[in-house]
Amino acid sequence: MAAVQDGQMELDAEKETKPEILSDGTSNLSGNTASGTLSSSPLTAAPAGGAPKMEDQQTLIAVLQFLKRNKLTDSVEILRREAGLGEDQEDSQATDGSGGGKGDVDGGDANSLLSRVSITSAAAPQSVIIFHSIIFFYSYRFGKVGGADDQPDVSVVLSAYSQQGDPSLYQVYYSGLKNFIESVLDCHRAELSQLFYPLFVHMYLELVYNNHENEAKAFFEKFSGDQECYYQDDLRVLCGLTKKEHLKGNEVLLDFRTSRFVLRISRDSYQLLKRHLQERHNNQIWNIIQEHLYIDIFDGMPRSKSQIDSMSGSLAGEGKREVNKAKVFHGLLKEPEIEVPLDDEDDEAENEEGKPKKKKTKKDSLGSKSKKQDPNAPQQNRIPLPELKDSDKLDKIMYMKESTKRIRLGPENLPSICFYTFLNAYQGLTAVDFTDDSSLLAGGFADSTVRVWSVTPKKLRKVKSAADLNMIDKESDDVLERIMDEKTASESKILYGHSGPVYGVSFSPDRNYLLSSSEDGTVRLWSLLTFTCLVGYKGHNYPVWDTQFSPFGYYFVSGGHDRVARLWATDHYQPLRIFAGHLADVTCTRFHPNSNYVATGSTDRTIRLWDVLNGNCVRIFTGHKGPIHSLAFSPNGKFLASGSTDGRVLLWDIGHGLMIGELKGHTDTIYSLKFSRDGEILASGSMDNTVRLWNSMKAFDEVETDDFTATTGHIHLPDNSQELLLGTYHSKSTPVTHLHFTRRNLLLAAGAYNSQ
Amino acid sequence: MAEERRQKLCSVILPTESMKAMAESVGVGSLQEDSCLALSEEVSYRIKEIAQDALKFMHHGKRRKLTTGDIDHALKLKNVEPLYGFQSQEFIPFRFASGGGRELHFYEEKEVDLSDIINTPLPRVPLDVSLKAHWLSIDGVQPAIPENPPPVPKEQQKTDSTEPLKAVKPGQEEEGSIQTKGQGASSAEVKGKEKMRMKPRSTHELSVEQQLYYKEITEACVGSCEAKRAEALQSIATDPGLYQMLPRFSTFISEGVRVNVVQNNLALLIYLMRMVKALMDNPTLYLEKYLHELIPAVVTCIVSKQLCLRPDVDNHWALRDFAARLMAQSCKTFSTTTNNIQSRITKTFTKALLDDKTQWTTRYGCIAGLAELGHDVIKTLIIPRLSVEGARIKAVMDGPVVSNIDKIGADHVQSLLLKHCASVVAKTRPLPDMVDQYKVDYGYLGTMLCSHVVKARAQAAFQAQTVNRTTLTITQPRPTLSVSQSGLSTSSGSRAPSIIKVPSSLTLMSTRPGTPTQPSPPATKYIVMATSAGAASTQQVITLSSSQSGSPVTSTVPSTPTSLQPLVKLESGNTGAVSGSRPLQKYIVVSLPSSSSSLENKSSSVLPSSTSPISMESAVKLERSESPAANTQSH
């Protein structure tokens, strides 16, 4: 029912917005301009599910008002019904809640409403799956698409710039500060230099906003060269902005405005700066610092230039220290006990190896290890996980058997790499995935197709048609074999359904499903038994850059151009969680091995870790200098590796929330990262046609995480990339799109041959 | 530098003239300057914004090149209708035009005649995506297989051999791969690296696999099975892992030549030269280090007095030609100021040429070797000798019959000289071509040279005319040298069928003789060739039309009928046969499996009577460009 409703809402929204688009051509080029303003964290925090308490009620009323204003009556209805709210209640609230409702005031009001939502919902207890938030978000989205509330919000955001200073003095102010910073002691200079970039941007925008186009250009030309090279991409965007009209509807700008740029500065340096600005009565700069920057002051030694450089580079400065303080349960879940009939096991083992004794002891040792509860592990039922099916158990047994044959990797014992080259992929290979047991391979292509290959001699077969299935004896032992249609056996199958390039593919752990995400804004679930599309998950509306199944199946996560990542369950057509907070496209999404967390990488050059349980952002990692295109968790769940367009791999300690390593060597975007099954080796594959192997064990061991570094977050990164690099393997003009370690630690790589 | 670029970016906006031009194109006549300026700023900003969005799609598409599709997707993000009609994967050429003080860039879309498209044979269906697995690394070591890039890149080999001092510093990648070989990987890494630098990096011990490979390849190369040989040569020409075996190969070749020259084993010499050719063709090898072995071997095959047991019958001339071409190629590739290969080789040849006692065979080799080095060499070294050589040839031809061998030799030298000198003389000598004058200048050969030059000139003029009008797609198999036992010449084998481009205007050629007002040049030449791999036969069809001939003639040069299937049916009917009212046209079908000599003979016997000299010239030219795929026993 709700799906239908969805469509209606969409239609309604469309209808309404049409005339507005016409009347207001300038603001509306981009549909999602408002997402920056509105999609900050409150949206994710869900209001409580049960009977609404007083504060929740207020929240709801606020939401309802918001919806009403945007004429989303359907959603109002639903929400009201769900919450059991009377119309009068809301009306009474509404009258005292909002004043007029025109122009800027209107937008400001919406904002205040939203902030109320955030405050109340943050306090609300969080439960498992709630639809209110979703409905709320939907209606919010459609409201947004219309762009009706676009305009006022932008104005509100920008109005902060309306203060008038003498435009000609901006250069003087800036160079005055520059001179000051250059004259201070070396130890403070590096820290205070962090101010340059945010100040530069804000001053430039202020000039532009106040229609001082020529001064703005002059200002830009004079000082843009001073900025750190890693901000160049942003500067390129900025330099295009020369008119006030451009400011409306520019996402980058809104990011900059809505999120305060975070700087970490030691108390001494901060005092120094403050004293200087007060002496000079340099109000212009002081105002900007007060209003637009967030200065995270810490006690102790100022940081060195290299320390600062390693952490900076993101769109909105470093993460605040407190955001990384939350406890993250990074341990692994206990392996489920699998009761296997002993004789069965013996039989199999004997057949295969002829030494059942050894096998059993091995298995016992594995079992006993997993019985010890990891203190860092989340509770087994922290999030509900699907029940294990018989076939899953069989697979687990296979997995254990395979892992006994696993090769122990290390610097002296490097893995073999098997490279799967896609030939004749003229249309462009955009995504690849292997199944965990390495039997299937899926490729997403720019021509909207998804192709599945079997890389073992076993061919891909469809299930027989319903009529044929009826004739099968369901009691027979090989019923699973009988339902397959031999006539359809082939090495590869093509899945048609998307209407845009497929940017992400992911197999379900049980190999029955395949997910694909595409430019057309949908995530599709395909059955690998019938090779047909089962569900199209709509929600992103903009290109979906990545998707991945949870390691336990059932859940999956997707992230896209609309700057949010969504958590879905395969049997729900709407997302269970919306992880909002990134300031730019979510480019890659990965599940933590215990499925309780999701990591997302973004074009805003940050990595965020989200708690699946409550949708909170629990970690923000900054330090990359380019959009992040690959992420990988270590098998023990403690560490995270990330690769970006700048060709560097960064290693993170999740528990402490620290950067612990930097691997330099690649010369182009890293599209793929993978840890070996034991976590000893990290493999990275890049656009520069190489696969590199890194000694991740050594990288993790060498990090000293004493209390001081843990609390301040200051790290000294040893520059030891060359020592950690174990091997470089060039392919023949084939960018490495995907890497995968088989259960026996053979490395599989995949990419499309590029004939030019 | 980055700063400069940024500043530039800041000020870049579209010129207001463009705005005006665009306004005019949609019917807005006069646009005020202010409006233009405002528009151009706005448009520039939007374009930049879209380009930045498009970049995202490029990154996610895992490409380095922005495509039109990316722009379309970016427009879609902004709810803008995408641009239609720009669907090229590749570069879209915008053309520039100016006039009347206007400058325009536009995308040229030519009008396409539908009938052309219909008549064009369908292109090959593109292959479907397929998956191929190979070992990128085995236990940390990258195997040297064709799927992997060569272990030592060619550039490296080049610096190794030309600048040995620089070569001691391996690049960063090299260090990585060295480490993977397990030397000094762990703690004493830095030391290990230092040590590695001291060591010469090309190991000369071959692994068991490599030894096996070497044995197989060399056996196949000189064995009796032509199919195997083709495979082996293909392997030599493409395999990236041969760097380490190169010294063995070069010794094999030089020793092989030494032995077989003494034994006059022509077939083996040819096999060895084909090996040299294959090695040179291998894009991953740099042969400079081994030239001291290879060049003497090649030169031997050019100038040796005797290369075969029956010099009167066997076609050792083809071997000399082939080796001379190899020599020229290596001169071009490897000659540097330090080794002076070209000048040294030139000296050697010239010295032999100047010697009176030189045999005809050696003389032929010297001339061929020099001639292949280029026009300048011909001009300065051969043409001045023409009269002397002419006299020598005359002495043999007209004098008392000394021996048949000498006569054949002189005959070959004569045709060689004429072939090479004609084009050079045509370029350098001013008109008019007077036979008498030629006789004075060049002696005995003057008469024949004159007629050759006339043909060459006609040919050149003819090409100059056609060059602007028709695209000429010529795909030729690389010159190969093969020895055929059965008389049926076999080409190098598994070469894919070359592109068949049937000229669009094959039936539309309107060359009206006697209508000088029509600017279209009188003749268009098309060469259509195909090599069918299965039958291992080369078919080649040359169609030639010329308005000069009065009547349409089709002259077909038949040869071994088994393998001959002309690809294009050529009509020779009188006016109004197939081409309807088309003017007279003449096509010549030449099919190539025939031996070059027979081709020449026959064409010379048939053509002069029926066709203009132009076609004759083309036949000759064709023969030259083809390989000496000739039967060795044809004489």
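A Cβ is built for glycine as well, from the same backbone N, Cα and C atoms used for every other residue.
In TrEMBL, annotation is done automatically, which means it is predicted and not curated.
Lifted from TrEMBL, the feature list:
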COMPBIAS  A:12-21  compositional bias 'Basic and acidic residues'
COMPBIAS  A:24-43  compositional bias 'Polar residues'
COMPBIAS  A:339-351  compositional bias 'Acidic residues'
COMPBIAS  A:363-374  compositional bias 'Basic and acidic residues'
DOMAIN    A:165-293  domain 'TFIID subunit TAF5 NTD2'
REGION    A:1-51  region 'Disordered'
REGION    A:83-107  region 'Disordered'
REGION    A:339-388  region 'Disordered'
REPEAT    A:422-463  repeat 'WD'
REPEAT    A:495-528  repeat 'WD'
REPEAT    A:537-568  repeat 'WD'
REPEAT    A:579-620  repeat 'WD'
REPEAT    A:621-654  repeat 'WD'
REPEAT    A:663-695  repeat 'WD'
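Using a Cβ-Cβ cut-off under 8 Å and counting only residues 6 or more beyond its ends in the same chain, the repeat 'WD' (A:663-695) has close neighbours at 403, 406, 408-411, 414-415, 417, 419, 626, 629-636, 639, 641-645, 647-651, 721-741, 743, 745, 747, 749, 751. Away from its own ends, the repeat 'WD' (A:621-654) comes close to residues 230, 233, 310-314, 317-319, 328, 330-332, 376, 584-585, 587-594, 599-603, 605-609, 660-679, 682, 684, 686, 688, 694, 696, 699-700, 703, 705 of its chain (Cβ-Cβ under 8 Å, at least six residues beyond either end). Across the range of the domain 'TFIID subunit TAF5 NTD2' (A:165-293), the DSSP-based residue counts are 101 helix, 7 strand, 21 coil. With a cut-off of 8 Å between Cβ atoms, the residues of this chain six or more beyond the repeat 'WD' (A:422-463) that come close are 395, 398-399, 402, 469, 483-486, 488-507, 509, 511, 514, 516, 518, 520, 526, 528-531, 737-738, 740, 742-743, 746, 748, 750-753. Here the repeat 'WD' (A:621-654) has, by DSSP, the following mix of helix, strand and coil residues: 0 helix, 20 strand, 14 coil. Only residues 6 or more beyond the boundaries of the repeat 'WD' (A:537-568), in the same chain, are considered here, and those with a CB under 8 A from a CB of the stretch are 6, 32, 35-36, 39, 141, 145, 385-386, 500, 503-510, 513, 515-525, 574-580, 582-591, 593-595, 598, 600, 602, 610, 612, 615. Mapped onto DSSP helix, strand and coil, the repeat 'WD' (A:579-620) counts 0 helix, 24 strand, 18 coil.
Across the range of the repeat 'WD' (A:537-568), the DSSP-based residue counts are 0 helix, 19 strand, 13 coil.
Taken together, the residues of the repeat 'WD' (A:495-528) have an average pLDDT of 94. Look at the repeat 'WD' (A:422-463): DSSP puts its residues at 0 helix, 23 strand, 19 coil. Across the repeat 'WD' (A:663-695), DSSP classifies residues as 0 helix, 20 strand, 13 coil.
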